[in-house]
Amino acid sequence: MDHEADAYRTDLMTITRYVLNEQSRNPEARGDLTILLSHIVLGCKFVASAVNKAGLAKLIGLAGETNVQGEEQKKLDVLSNEVFVKALVSSGRTCVLVSEEDEEATFVDPALRGKYCVCFDPLDGSSNIDCGVSIGTIFGIYMIKDKENVTLEDVLQPGKNMVAAGYCMYGSSCTLVLSTGNGVNGFTLDPSLGEFILTHPDIKIPKKGKIYSVNEGNAKNWDEPTAKFVEKCKFPKDGSSPKSLRYIGSMVADVHRTLLYGGVFLYPADKKSPNGKLRVLYEVFPMSFLMEQAGGQSFTGKERALDLVPTKIHERSPIFLGSFEDVEEIKGLYAAQAK
């Protein structure tokens, strides 16, 4: 790429232009999803600004409340949740919201209701705020059949029903990765323009990667297939080079690297967390949707992740996602154990 020429490019594909182009492909589209996504983008810009100024503005530190997951809430968590709830409700396109920070689902006032449900984690990896490690927002969007009579059952859909999913990573740059079911694209926030610009068009994950990403501190509690897979990563029997371990501890950052470079991200079940640790609706499903759209796979240890039907809004699940061949290898190990 000619960076000098790139610096003077004037024909920039903004995220708004991209979403409008996608909308124009569907003759039946009325623009509701476009409006909803524009409100999510605004929320991401707001949170990106707050994250950048957190230390200076004294937003770092505990807020003195505990969320539904039993984690002490940090000021930025609380702020980010408020920002996204207000942005989503004010769009007039949502009827129910599920946030990682709120114990109950939020049902939108009938006068402001639209046809979408949004499940989101407003600030994933927030324990990393104090040390400047990348953190992010994750979201998944579903269509609701009857917005006038929406119930909790409407929220508990399998991930394959999602119409769009994405995440925004607040790191060395602010990157928003989005799929509306037609591939995956990455946009980077240009602070001078205040716009997300298309920088990673049509992301495709490599078929096989050289990296595995897992918290090896939990190794003593793993099941046999997970332990075998990690052992093969470190000590391959076929004479090939071992895989490199990369683990940040922020799901958005770890999945982002996996998506771009290939490999596999795993957060398996173990004796301490027999149902896994990551939440289905706003962590497992959106990331699995993106991974499949980019040509990868996602697996729970029992089934394709997007086929899972949750029974409660904060349900957890084990997850293995990444390059197609790497996840295929993990599926083979679980199939062998089941025989």
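Cβ coordinates come from backbone N, Cα and C, glycine included.
Note that the coordinates shown come from a computational prediction; the quantities given were computed from them, not determined experimentally.
Its Cβ placed at the centre, Lys115 (AMP binding site) has 18 other Cβ atoms within 10 Å. For Val19, Leu20, Asn21, Glu22, Gln23, Arg30, Gly31, Asp32, Leu33, Thr34, Lys115, Tyr116, the entry in Swiss-Prot reads AMP binding site, with the evidence type similarity to another entry.
Glu100 (Mg(2+) 1 binding site) falls within neither a helix nor a strand when secondary structure is assigned with DSSP, and so counts as coil. The Mg(2+) 1 binding site annotation in Swiss-Prot covers Glu71, Glu100.
Marked as Mg(2+) 2 binding site by Swiss-Prot: Glu100, Asp121, Leu123. Take the CB of Glu100 (Mg(2+) 1 binding site) and look out to 10 A: across all protein chains shown you find 24 other CB atoms.
The annotation Mg(2+) 3 binding site is assigned in Swiss-Prot to Asp121, Asp124, Glu283 on the grounds of similarity to another entry. Secondary structure at Glu283 (Mg(2+) 3 binding site), as computed by DSSP, is helix. Within its own chain, Glu283 (Mg(2+) 3 binding site) has Glu100, Asp121, Asp124, Ile138, Met251, Ile319 as residues 6 or more apart in sequence whose C-beta sits under 8 angstroms from its own.
What Swiss-Prot lists as substrate binding site is 124-127, 215-218, 246-251, Tyr267, 277-279.
Around the Cβ of Lys277 (substrate binding site), a 10 Å sphere holds 18 further Cβ atoms from the protein chains shown. For Leu123 (Mg(2+) 2 binding site), other Cβ atoms within 10 Å of its Cβ number 28.
In this structure, of the binding-site residues Asn21, Ser127, the smallest number of CB atoms within 10 A of the CB marks Asn21.
Asp121 (Mg(2+) 2 binding site) falls within a strand when secondary structure is assigned with DSSP. Scoring each of the binding-site residues (Gln23, Ser250) by how many neighbouring Cβ atoms lie within 10 Å, the top position goes to Ser250.
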